[in-house]
Amino acid sequence: MGDSFFNCCYVPPHPPGEEELHRSRRTEIMASTSTSISSDKRFLIFFDFDETIVDETSDDIVVQAAPGQNLPGWLKDTYQPGRYNEYMQRVLAYLAEQGVTESEIRSIMEKLPATPGMLALFQFLRNRPPQDFEVVLVSDANTFFIESWLRRNGARQLFHRIFTNPATFNKDGRLVMRPFHSHDCPRCPDNMCKQVVVRDYVARRTQERGRPYQRVFYVGDGANDFCPALALGPRDVAFPRRDFPMHRLITETHEAMPGEFKAVTVPWASGEDVVQRLRKLVAE
């Protein structure tokens, strides 16, 4: 992991009394998502979810549960840039008011198509020796959407940790989503900066293991995947989905500020592209 990253992603200290709250919140979620992890893993690989693992955006697809598979204009008009999480909370509340049930939402999530070659990539990771890969998911979706899809596709056990917005159904049958954390990165939405998640996780696991990983990989597609990729070092690999925002931002950075983006960049159109590069790297 490199030490250089844009000022846009600088996260200053929280006001007095708040730092422990934010730290404990992240630690609580980290501790609750999986059992203990072996310390002998050689590589750490992060995945995004929407348009990386699945070929759609889960927040958009859940609208299929609405009457007429569309949201009313007044609800769409409440969206504000940088506050998508709050907007989705209103969408989920509206769906509950329309009588949309937990099973209906789960069914929609389970039917999301995987991106081309992604299931083959998962199979590659499963087939590797147990000391090879520690697999982590970092997403601005939510626990219910992600868990529904992973369990349906037999992929839940592949992931050692999942970092996303907590979401549970309340007694009224409404899916209530809470923000993952707060931060001060102006590039990212208010509820999650993936670079903060990645840096916190790598620092903690390195301390627990007593040594760094041989390499860190990040597989993503969106603009909010560019931010964590900035934290990767020169031995690490960023896998941006070809011609998606993450890929374009990396390309623009290479052109505007050569050397600022440290990681090796391997664009992918299929999970098979990622498999090919990983197969070479693990053999080194």
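Glycine too: its Cβ is placed from the backbone N, Cα and C atoms.
Please treat TrEMBL annotations as automatic predictions, because they have not gone through curation.
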If TrEMBL says D48, D50 bind Mg(2+), which of D172, D200, D221, D236 does it name for the same site?
D221
Measuring Cα to Cα, how many Å separate D140 (substrate binding site) from D50 (active site, proton donor)?
8
Using all protein chains in view, find how many other C-beta atoms are within 10 Å of the C-beta of D48 (active site, nucleophile).
25
